[in-house]
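Visitor: According to TrEMBL, the compositional bias 'Basic residues' annotation covers 864-876. The compositional bias 'Polar residues' annotation in TrEMBL covers 942-960. As annotated by TrEMBL, compositional bias 'Basic and acidic residues' applies to 1027-1047. TrEMBL lists 21-134, 135-244, 245-352, 367-466, 467-570, 571-673, 685-795 with the feature domain 'Cadherin'. Positions annotated as region 'Disordered' by TrEMBL: 854-887, 920-960, 1004-1047. Positions annotated as signal peptide by TrEMBL: 1-22. Per TrEMBL, the feature transmembrane segment maps to 811-835.
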Amino acid sequence: MAITRAYYALILLMVQARVALAEEYSYRIPEELSAGKLIGNLASDLNLRGISPNLLFKIVSKYEGPPLVHVRNNTGELLTTQRRIDREQLCPESTDEGSGCYYEIQVVVLPNQFFRLIKVKILIEDINDHSPSFPSSVVNLSIPENMPVGSRFSLPAASDPDVGLNKIQHYGLSETGNAFTMEVIEGSDGEMSPQLLIRSNLDRERKDVYEMRLRAEDGGSPPRSSTALIRVLITDVNDNHPIFEQSQIEVKIPENTPLGTPVIQLHANDADMGANAEIVYTYSARVSPSARRLFQLDNRTGVIVVRGPLDREDVALYRLVILAIDKGPNPVPATATVTVSISDVNDNPPDITVHNIESAVNGVILLSEAAPPDTPIALIEVSDPDVKQNSKVTCHIEGNVPFQLKPAYQNHENQFLLETAGFLDYERQNEYHIKLMATDTGLPRFSSSATVTVRLRDENDNAPIFDKGIVEASIYENNAPGAEILTLSASDRDSGDNAQTVYFLGPKAPHIFRVNPRTGVLSATEPLDRETQSEYKFTVIARDGGDPTLESNTTIVIRTLDKNDNPPKFNNKKFDFFLSENLHRYGTVGVISVTDADEGKNALVTFSLVGNHDIFTINPVTGMIQSNITFDREQQASYTFEVQAVDAGEPPRTALAKVTIFIMDINDNAPTVLLPPSNASYRLVHPKVAPGTMVAEVLAKDGDTGINAELSYSIVGGNPFKLFTIDVHTGNITLQKQLSPEHQGIHRLVVRVNDAGFPESLYSIVLVNLFVNETIGNVSYVRDLIARSMKMPLNVDITGDGLAVSDINHYTIIIAMVAGAMVVVILVVIVVFFLRCRGSRAKNGVCRTKENENWLSPSQQDKKNKHRRKKKKRQQNQHGQVKTAPYSIVTIEESKADDPTYQTINETLEELEVDCRTIPRHNTFRPDGGTDSPDLAKHYRSTSPQAPVSPNGQTPPLSKNQNVVQELPAENTFVGIVGECNSKRSSTSSEHYSVSECSSQSGFRNTQHKAHSKQVLQIPLGVKSMPKLDHRRGLAVEPSHEETNRK
């Protein structure tokens, strides 16, 4: 069953938790209560309101005719109905107040988890709604005139069905003179009998008729009364009247006494003789007609005989009033009362009454199959009209059915609850016929039976069940709309609406599927696309029509089968690859990427070049493009062709893509400084020059093109007071702050010129000397300052008249100490150069090696640059483009060429033939102030080869021809590279990208202020210009003769 045992156990615990299985409660109401009057509230009176707000009250008693009371189902209020409540009609045998008149009903409290059985006893209290009544309104009584005073004569008693104070409480006799009076005699049963007494002697001749009123009055409030006329006739003398031997007689006979059986014989005696002594027996008017029919009185013998069948269960006691009358004139009757008690015999079988608790149709109890054990379905009352031992009844169920009987009340043995004894299942058995057997304990025993039919009502306790928990199916893509995929089926063990199953898609099912709610056919409402989604996984729910509904689900897995409906698709319609012009033959150009949305063989793609191409080849599987030639950007800068991709589907589908290969230039030229003309040149700056005035300029060019030739300028040293600034684009140096007396003297600015080259940036360094003074009084002094500053490391700030912030004398002592040692070192170096250098001395002092003959070549002065510089200077003077200082700025260049004091480094180096192999490699200095920066002389002898481009993947390495050093920059320029980088470049699509992993080794080293021999630049004080640094190997190179002449 779908309802779990745990649910049943919970219900069972709730049933067992009832406070009491059954109980009694009593109410009192007066009779003749009008309809709709409240008798009581069971929910409040029994404290049931706190149990549950949804209690249901139901009367299960059965009575003939309409009920006297009804209960409101939701509140438990007991109310009177339209039926008249007449106590005398309900309880005719209740003639005294002590016996009471009760109206009983059985009320059950539902639902079953709060079940209670309540016996409600309603005591009907008597009201004075009846007046006393006489059997006759006129009573004739004959009395002989010779009756002595004090003689008694019985008068007819009035009757009143009320009880207690409401019954007859008083008799009265109207005024009769002195002849008669009245006495009331009360019998053992409480009945009042009025007696007429002779008060004085009677004389018929004087008065023969007396009339008086007998009045009967009850004790009600207000009292009710009635009267009867008593007419007394005075007759002639009748000396004696009959007298019963016993005036009160009690007889007990069994109820099965046969007809004709004498009950008793009455005897009355009369002392007269003759006709006056003949006695006639007759019933008094007070004897009921039913008693007259059951008992026959012989008028002559006084024998009472059973005339009709007796039934103690109908009437258990009869009171017979017998009159004995003689036949004389004016007879006076004698009265005797015979009380006949009917004793019980076991002549009645037990009676079984079924009061349905659950609803019933045509006598059939309808019970839910979900009812838990101990669910009461009917109240069984067994009764036996017999008494004592004959009325004791036992009851049981015959057969093996899941039902049981339990006593309803502890004090009532003949009331039982018919309950379920176990779990019910409509699907296993839906109807039961329960046979109840009742047997009394009399002799002989009597039994009776009753059958209770219980029909189970199907509950929706079984959910629909699919055959499989996971249903898999497949369908080819591009299907027709509405194509059926599969048919689902679920079974339900319930019946009727509970078994009516409908199908619908789960909450996450795609909208492109539809299921027929009745047939379970699953279909696709639109064409499927495997490339969009190859598998669908969702649930289908089967729900029955019960209340509440139950449902189950199954997982549907729909796989979309592929068709070759997609051509290959290139990642881009156009592929651009950028290659260095030094790519070797058969090098990898790049990889063409293509996708095919299909699968299997429909997605197998092969590549081919469209047309005949001898320059490039493509791998048909991987799409890798390779070159069959080497490239020269100057001959051809780009190549364009088409690539075709074909899949293996049926029919095959194709796609085309355009491929363009661009040959890239290499950044192999460092910037060449044109201005200032020499590192030893200087400019005069008047102390009163206004801030914002251009005081110097740096001009450079780059032999490369494009971004490789874009230059930027920056001051990297020698500006501790932030007096000067340089335009990053033009190289113009401008005074930024107002000069003060402490600023007078030499200011050496270290300017770096960077290009924006790719894959690595190259740079050159130039010294700009500014002499702050009103005039140049001693040129030799200024040159001496500059010469000494040339010996200082570049990371030392040269400002003012001194050489540095530190004590100049300190440096002078160090230089003097080292000078002697350096002379010896220079001589040793010259000897070594002569021994190792095998080539002849070049015209301009070129040093060559076996590995590369053009390793070092002198830089030629560009006449165009010289012309451009003169033209620019001329325009500045004519048009005033540069802000003019209040005092003229004098630019001091080289001295006379024949002055040996100012002999250039180029001229000095021309006399030497240096073996390049003896020059040690040295990392370029860093302007950031490294801790181990070399001195300037060591910097001149350092080497800084350019790191070759290291292709990775499809990028080929550089060729040997690209290791040749370009034409050297100007004589006054230090050249360095930004860093040595290992460049990684790959081209697999139209986007060109490069990843560089660089370890910068250039820049100035931070040198301690303390000077030592390795930090002093060994250059004569008379040198005219600084050597330049080879941008490829970091070497100091002399300026050419042409440059010297130009200067």
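Every residue gets a Cβ built from N, Cα and C, even glycine.
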Visitor: Between 21-134, 367-466, 467-570, 685-795, who has the most Cβ pairs under 8 Å to the domain 'Cadherin' (245-352)?
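Guide: The stretch with the most contacts is 367-466.
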Visitor: Over the span of the domain 'Cadherin' (467-570), count residues by DSSP class, listing helix, strand and coil in order.
Guide: 4 helix, 47 strand, 53 coil
Visitor: On average, what pLDDT score does this prediction assign to the domain 'Cadherin' (685-795)?
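Guide: Overall, the domain 'Cadherin' (685-795) comes to a mean pLDDT of 90.
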Visitor: So, by DSSP, how many helix, strand and coil residues make up the domain 'Cadherin' (21-134)?
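Guide: Computed counts for the domain 'Cadherin' (21-134) are 11 helix, 44 strand, 59 coil.
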